[in-house]
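Engineer: Below is a structure I'd like to ask you about.
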Amino acid sequence: MSVQLDSGVLAHLRSVDFKVEDENLDRYLQVLTQPPMFTTLRIDCSCVSKVEAEEKIKISLEKQSCKRGMAKFSMFWHRDFQDCLVLHNRGPNNVEKVEKEVMVDLACGMAILRGADIFIQGIMAAPPSLTKGDAVSVYADLDKKCLKGLTSKYTGRKLFVGNGISQVSRAEVFNAHSETLRGLGVLMTQPVYEAPCLSELSYPWLVPQNLPSIACVHALDPQSGESVLDMCAAPGGKTSHIASLMNYRGFIVALEKSNQRAKKLKQLGLHNVQVFAFDSTKALSEVAKRESGPPFPPATFDRILVDAPCSALGQRPCCINIMPLKQLGSYPVIQHRLLMVAADLLKPGGVLVYSTCTITSTENEEQVAKFLVKRPDMQLVAPHVQLGKCGLQGSQLTASQRSMVQRFDPGVLVGEASFPREDLCNVDTIGFFIAKFVKTDHKEDT
């Protein structure tokens, strides 16, 4: 099974982004429908010791496993990142389906594949005879055609994601007061893929985060006392990681264009982070004052993270992506603007990290190549820890430059290659891209 894409997007990927590595694209599209077999947890080691964190997480996971009748999850600390605890997921399992079926939407189905249970509001359809305690088979609606409250079995395209135990009756889910109901709807006891339920790991020092996102902030390598800008900060995982690595000493500005997402960022309560609802493409002004908030004058920040808006074609699992070609083409424009503004806001000698969670060369390697031409004062460098593959062939980057970027490529899992567990967790990730730059002292005219 391969991810279903818009025909125009697929044609563009084949003819432009993967024109030299077409087979690599096919592997990508196949593996994107499957969840990663590792869950990574970032631990704020300034708040808790590794020993205490591991012990508390182990106890929580054992309770989860006991409640669901699953085997315990194994865990280990990442070899290169001392703040990253890795949990080994399991699957796919051969699960025997039962008679009663519960339907959920596709987003909920993808979350189940990564360890989630089903909340009451997530139930789209259930049989009239459903009572609390019933065993149910859970399916995700692939075409968004299942009607809310359907009583008969849904006959459209659907994806089986596992079995569970209903925590409510149908009458409780679908009634005049159902919109106000909260709580657990189905406890997933036999998912096709077994992974920890992250909503039950509620510790202030723990952040569930994909490994490439953790690697991204380690590449930035922020230091105590520095001034750092996160240009696209929501939902705040990378912002909080930056603060943690700085031991909460220094000055961090988090910009987020959306007012609503900026409000949620402020709720993180990070005392050395200033959050602004602001368009980062307008964050530069020659006449601005440093102390007044955005926009800022040139050469304000020691380090800048541009975790740019992107097509998100690296997210796993994903069965269907209906993004049209026009939308795909809009991202490189905004990404280039962000990079150009970031370069001016960075101090000489400062560090800029650019990242996306997509697989296209247009948004990744070609974006870097264009930036290097436009800004000769920005030097591409390799991160001190380099986990991903080198960049795609066929781009404007040289072989040397391609070796300095990080492309997380889960497509290599399709084939006969084998990896030790400690290395497999670096491969079996979402699709992701990281490029690191250092600003030299002098800007040449272009």
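Yeah, the Cβs are placed from backbone N, Cα and C, and that goes for glycine too.
Automatic prediction, not curation, is the source of TrEMBL annotations.
The annotation active site, nucleophile is assigned in TrEMBL to Cys357. Residues or ranges marked as S-adenosyl-L-methionine binding site by TrEMBL: Cys232, Ala233, Ala234, Pro235, Gly236, Gly237, Lys238, Glu256, Asp307. The feature domain 'SAM-dependent MTase RsmB/NOP-type' is assigned by TrEMBL to 130-440.
What does the local environment look like for each feature on the list?
Structural biologist: Sequence-distant contacts of Cys357 (active site, nucleophile), defined by Cβ-Cβ distance under 8 angstroms and a gap of at least six in the same chain, are Asn210, Pro212, Cys310, Ala312, Gly314, Gln315, Ile430, Gly431, Phe432, Phe433.
For Asp307 (S-adenosyl-L-methionine binding site), the same-chain residues that are 6 or more apart in sequence and have a Cβ closer than 8 Å to its Cβ are Cys216, Asp230, Met231, Cys232, Lys238, Ser355, Thr356.
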Engineer: Run through the Cβ atoms and count how many others sit within 10 Å of the one on Lys238 (S-adenosyl-L-methionine binding site).
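Structural biologist: For Lys238 (S-adenosyl-L-methionine binding site), the count of other Cβ atoms within 10 Å is 25.
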